[in-house]
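Here the structure is laid out as structure tokens; the discussion comes afterwards.
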Amino acid sequence: MASLVTKNAWRSVMFNPEPLSVFITMILLFTSCGSTVGIKVVYLTSHCGYVVPTGAGGLLEAEDGLNYKDNVDCTVTLAALPTHRILIQFHRFSLESGVNGKCLDGLRFYDGSTVNDPPLTPELCGRLTQLPDFVSNGSNITVRFKTDEGGQSFGFGIYFTQISDAPCLDEEFECNNSYCIGQSLVCNTINMCGDWSDEGNCTAPPPEPKGLSLAAIVGIGISVIFVTAVIIMLCVQIIQHHRKQMILKRLVDQVDRDIKKNPYAKLPSDGSDVQKEDDSSYVLKTDDVGLSGKVFGRKRSSKVAPSQYDS
């Protein structure tokens, strides 16, 4: 039987915490996204009040969002096989810091199936690193997570492994620390034994198949769609610009033709069609000499002046 961590070990962590910067916490958060190969992820706030079988092992997260929510009081029990126990390892831990030695948001583990069983840890809060591993005495561990009405952080990522003591069964792997774990946890890049012995004799991963991966194909497809949309928008803008230029050129050409036909025509200032002559003007036309003119400001006369060239 592996002994539990002593109270002095927890006291040294709680009273001498090593705070993580936001940058380091974010690195741990995002690297944990790729550290779940072959194991399940249990979101604590999605299983409140439930008993969750551990299986071979898994990762316990506060919830699936970047930050946990306010006003949470959630209890979950992890249950291993009756002949097994549970190894707990902290991957990352970042809760709201306490005030005057009291946690505002806190996490606590109990050695059994209820919160009335003996606590395995004090109430944990703040940004903590180097938290010690511990093992349950029985096959169950209960976790209680409480938050207040304000203040949040990134939560936690905690590995749990179903273990037994050597000698191990055929379908189990024997760790150097004499723990037995499921073969499915070996060589998954995660320290499920607690001493890294499950990752010590792993062969190199098989080479990736030639050609593009699915992610690369999806990325290329999205890029092609985006570039195509941009090109179409540019083409539409160019076509509209040329169309406006052609319409403007037609209007200018029409005005030029009208001016050539009647160079003294009155043109409006707004560039619209040439207006018809009004009643206050008349045209004096002498075809014989090829002279035509437009006289303004005189009343139209009904009399016609005789031409001096009439015989």
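Each residue, glycine too, has its Cβ placed from N, Cα and C.
Just so you know, TrEMBL annotations never went through curation; they're auto-generated.
As written in TrEMBL, here are the features:
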DISULFID  Cys168-Cys180  disulfide bond
DISULFID  Cys175-Cys193  disulfide bond
DISULFID  Cys187-Cys202  disulfide bond
DOMAIN    48-163  domain 'CUB'
TRANSMEM  212-239  transmembrane segment
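Using DSSP to sort the residues of the domain 'CUB' (48-163) gives these counts of helix, strand and coil: 0 helix, 53 strand, 63 coil. Looking only at Cα atoms, Cys193 (disulfide bond) sits nearest to Cys180 among the disulfide-bonded residues Cys168, Cys180, Cys187, Cys202. A distance of 14 Å separates the Cα atom of Cys175 (disulfide bond) from that of Cys202 (disulfide bond). Following the DSSP three-state reduction, the secondary structure of Cys180 (disulfide bond) is strand. Cβ-based crowding with a 10 Å cutoff singles out Cys175 as the top-ranked of the disulfide-bonded residues Cys175, Cys180, Cys187, Cys202.
The Cβ neighbour count for Cys193 (disulfide bond), using a 10 Å radius and every protein chain shown, is 25.
The two recorded residues, Cys202 (disulfide bond) and Cys180 (disulfide bond), show a Cα separation of 17 Å.
Cα of Cys168 (disulfide bond) to Cα of Cys187 (disulfide bond): a span of 18 Å. Calculated from their C-alpha atoms, the gap between Cys180 (disulfide bond) and Cys187 (disulfide bond) amounts to 14 Å.
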